[in-house]
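What follows is a set of notes on a single structure, which appears directly below.
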Amino acid sequence: MSYLQISRVGKTFARGASSTEVLRNIDLEIEQGEFVSIIGHSGCGKSTLLNLIAGLTEVTTGGIILENAEVNAPGPDRAVVFQNHSLLPWLTVYENVNLAVAKVFGRTKTPAQRHSWIMDNLNLVQMAHARDKRPTEISGGMKQRVGIARALAMEPKILLLDEPFGALDALTRAHLQDQMMDIHQRLGNTMIMITHDVDEAVLLSDRIVMMTNGPAATIGEVLAVPLNRPRRRLELATDRTYLRCREAVLKFLYERHRFVEAA
Amino acid sequence: MTLPATTDTPIAAIPLKPRTTATVTALRPASRRIAFAAIAANLARTILPPLVVLAVLLAVWQVVFSQPGSSLPPPSQVWTESYDLIVDPFFVYGSQDIGLGLRVFTSLQRVAVGFGLAALVGVALGALVGQSIWMMRGLDPLFQILRTVPPLAWLPISLAAFMDSGPSAIFVIFITAIWPVIINTAVGVRNIPEDYRNVARVLRLNQLEFFTRIMVPAAAPYIFSGLRIGVGLSWLAIVAAEMLTGGVGIGFFIWDAWNSSRLTDIIVALVYIGVVGFVLDRLVALLGTIVTRGTARN
Ligand SMILES: Nc1ncnc2c1ncn2[C@@H]1O[C@H](COP(=O)(O)OP(=O)(O)OP(=O)(O)O)[C@@H](O)[C@H]1O
Ligand SMILES: [Mg+2]
């Protein structure tokens, strides 16, 4: 049995008399240590799927099982990096990470251990220098890195990233993607990342989950990316496999996907 | 925290010797003169206009009410008749004959209790109401109506309920001040971004942790604007409240002066109440900016 098992999951939002079926029949299995991207057009239900895995919203049909336990509530074993960082503005960088560490390791680690664990995670995303700054005083990319540090500091079974680099400029994004690959390489976390960016998906992922258009979106295709790690973006720019994967995703999104929409 | 430091740096970085020595003055005469001029100009801009307006008003008042048989005393008469009250706020001539500063202090203690209770209960109730859409729908119209009831109107009810003047007075202040605190807190809590709630849910914060770590700081700007309105209202209620208690408060002093026709004393007391109310308002505002530093925008 897989590490994370999503079986026949559907989600229907009901508001009064009207209801919208956003997701239908999602089947997906993810192994421990895998990096999986979810790609699809805006509004198809990617965030909804991620929130279901996080337990922030409840499934309407089907079920999600993580390491033999059913997911039915949010918890720190499924840390989320939100699209707009969602750091608490009244806390410093350090305190933001500490909020998570104090809650998750309040009983199991001593204060000294917790402190060094916080600093470890800030170092991991190279943000230790800004530990006493407030979120308003640092750049968008830095905020996103702190958000990642906070999530990693929970020592989650799965890291869920909702378009973590969506709002960033291309250079910052490339830099953070490299850091993300480095972290994944070092820690071997299981990660699920939503993205709009085809290159980002191919560069980072072991598998790319491509979703059809909503309403009642489902998984259209799953593409394995058989590239060796560590990956270097410059070398990959001309790599055959890379280009083939990239083309497959583009074709799905801009050929087959249109066809689906018209049907 | 870094802002004040940056404004200091140019001054702190340059002087090699104490600034009082002649050398330093000679080295940077221009900048010092400019600084003085800027400060003086700034002071003139903020202080001069109100002073001028005050002088004009006093003059008009003096002229209009100087005719024999006018209904109110002119400023000169206030000065001569209430001289004691004006020059010494802290005299004690007898148990009922004390300076207005001491009276204000008594009233402030009363307001502190009434407003303190209103703040505590108001934030708690506001949090409750803001968390639940049904509470909001059910209670908001009630709050909107009750908040318009003037302090004096609460007097008979609260006397009947408490049958004792002390607690009744506190209650009048409390019930006058609590509504804006509740309403603003509720709005603040309702406006907490969904993301913050999700962070709390992922971390499995319990109710108390959520209240202290997320809700209060996130809603703090709203809470403080409610507290600011509330402190103003509770100071407004002081005269009504002290009609009940008697004693030495500034509110009762006005009531008492009216009953013994000491109009000039009332005028002095009004100035006291106005100034203290202004200071209270600014204090809460200042506290708000300190506490919500960095919270308001992100
Ligand atoms: N709480 C909700 N109630 C009702 N409908 C919702 C709710 N949340 C999402 N939806 C609907 O579900 C659909 C999918 O939304 P979702 O946010 O998952 O899309 P997305 O793929 O993440 O889009 P984007 O790429 O723009 O972030 C949308 O049509 C949205 O209107
Ligand atoms: Mg989304």
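Counting starts with 1 at the first residue shown.
Each residue, glycine too, has its Cβ placed from N, Cα and C.
Record features, source TrEMBL:
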type	residues	note
TRANSMEM	B:34-64	transmembrane segment
DOMAIN	B:104-288	domain 'ABC transmembrane type-1'
TRANSMEM	B:111-130	transmembrane segment
TRANSMEM	B:169-189	transmembrane segment
TRANSMEM	B:210-229	transmembrane segment
TRANSMEM	B:235-255	transmembrane segment
TRANSMEM	B:267-291	transmembrane segment
Outside the transmembrane segment (B:111-130), six or more residues from its ends: residues with CB under 8 Å to it: 136, 139-140, 169-175, 177-190, 211, 215-216, 219, 223, 226-227, 230-231, 234-235, 237-238, 241, 280
CB contact flag for the transmembrane segment (B:267-291) and the transmembrane segment (B:34-64), at least three pairs under 8 A: no
Cβ-Cβ under 8 Å with the transmembrane segment (B:169-189): same-chain residues at least 6 beyond its ends: 110-111, 113-115, 117-119, 121-123, 125-127, 129-131, 136, 140, 143-144, 146-147, 151, 154-155, 158, 161-162, 215, 218-223, 225-227, 229-231, 233-234, 236-238, 240-242, 244-245
Residue numbers, six or more beyond the limits of the transmembrane segment (B:34-64), whose CB comes under 8 Å of its CB atoms: 70, 74-76
